[in-house]
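Below is one structure, written out as structure tokens, with a few remarks after it.
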Amino acid sequence: MSEVVAETARRRTFAIISHPDAGKTTLTEKLLLFGGAIQMAGSVKSRKAVRHATSDWMTLEKERGISVTSSVMQFPYEGKIINLLDTPGHADFGEDTYRVLTAVDSALMVIDVAKGVEERTIKLMEVCRLRDTPIMTFINKLDREGKNPIELLDEVERVLGIQCAPVTWPIGMGKRLRGVVNLLTNEVHLYEPGRNFTRQDSIIFTSLEAPGLAERIGEQMLADLHEELELIQGASACFDPTEYLGGRQTPVFFGSGVNNFGVQPLLDFFVEHAPSPQQRDTTSRVVLPTEEKLTGFVFKIQANMDPQHRDRVAFMRVCSGRFTAGMKAFHVRSSKDLKLANALTFMASDRESVAEAFPGDVIGIHNHGRVSIGDTFTEGEVLSFTGIPSFAPELFRRACLGDPLKLKQLQKGLTQLSEEGATQFFRPLMSNDLILGAVGMLQFDVVAYRLKNEYGVDATFEPVSITTARWVYCDNSKTLEEFREKNVTNLAVDASGELVYLAPTRVNLQLAQERAPEIHFFATREHAYAVGVD
């Protein structure tokens, strides 16, 4: 067996998704804690907390207690290498989350036991369904009162359209929480609130008939549990690995992330059943992870991960072959070889140099503006991985500068921050305006904050009469030039130099499309097609 095949089989690359405040970042911390990657988990609840979550590394995230960027973390567990991608729960950063989901092989969905399936969860589930991504579910905050577990499973099946297969089942809830029972092994894990956020090994009884269990949880609760389990085992599906890997069934776990409870069974089950790196589609062929030659694609760019050096890092998912430090790789979009020196692996913002990487791993490449989201790297073959889109923004603002002498820094900041993909930067052909597009208001706050803290620029964003944007293409260059001349007041270029139509109203866009039927107007821009691969 080749080294690439063996190492690929060890990898598990997944993302954690949820509605905001379901406890996703806290659960991320606890998975790292149980995986031995960190010694003490940070509380993300209080702004004044002494510790902050490992995955919420940006200053703004620590102040607000929310995740607005995606973090990448790698740790070993039970002979496997786990690559965990934490994603922003906030709806305004959905595009970042969408692209992260293109870089993983499975997902873990976190649901608040009191709130059930929420709006953001539904949207993320739709994205996962597009790719048939296998999903495990963790129903969180069991230490609080919440919905009836049976009703909750029914809600997940009804609203999300995926079959539930409970693997653990709660014994009580809120103040009456006593533990969970593993339906596959019959083991009972008793609940003990976490102390000092360190790893807790829960007390385990080998079965519901084990001596001493009734004394610990109470005779009546044990009797109620037997009754409930009879009902759930008759009404719900048993775990089927084939259905799970096909994205049609989700194994369900119950627990309390903040109390370290229910995390261990989840992690053990995940390592055993989650898929190793899968094959990937390109515009020309399917790439198998076990191929010996390196391929990979960039799904994220992060500016200023190290405030001391004002760096930009491109996050690349390795799809096949083996990466070695300092190797040259073919950058398909530019048709040039780039030396991938000083590549990094991550624990949120803590980075260390990586000597080698295999399929499923995510590495950071230092980027001086040459690498963009969606770019493919190979060992010479012209390939382009598909499914990494840019979406048309829904909100637009004009950047206004307090100090005109800082214009250069403002342009640099807007360009670099837009490379991350959460916002888009447009320059109208007929004016000197600097237009920023986003899908949510929070993104403008984040950009203003980062411009000030990372680029020393005080900027505000004022409304502008733009309703929507469309990328415009035409195979006939003469026709495109004629369209450009007639519509120059509505045209701009994005940070990649692509032509974009900025429509003041929906009616204006409709008229423009009717008047130029040979011009293609796109609401999304597939990065793969920007490299000229047919």
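Yeah, the Cβs are placed from backbone N, Cα and C, and that goes for glycine too.
Summarising the annotation, Swiss-Prot assigns domain 'tr-type G' to 9-278.
The annotation GTP binding site is assigned in Swiss-Prot to 18-25, 86-90, 140-143. DSSP gives Thr87 (GTP binding site) a coil state; it is part of no helix or strand.
The Cβ of Asp21 (GTP binding site) has 18 neighbouring Cβ atoms from other residues within 10 Å, across all protein chains displayed. In this view, the densest Cβ surroundings among the binding-site residues Ser18, Thr87 belong to Thr87, judged by other Cβ atoms lying within 10 Å. A simple way to gauge crowding: the CB of Leu142 (GTP binding site) has 28 other CB atoms within 10 angstroms, across all the protein chains here.
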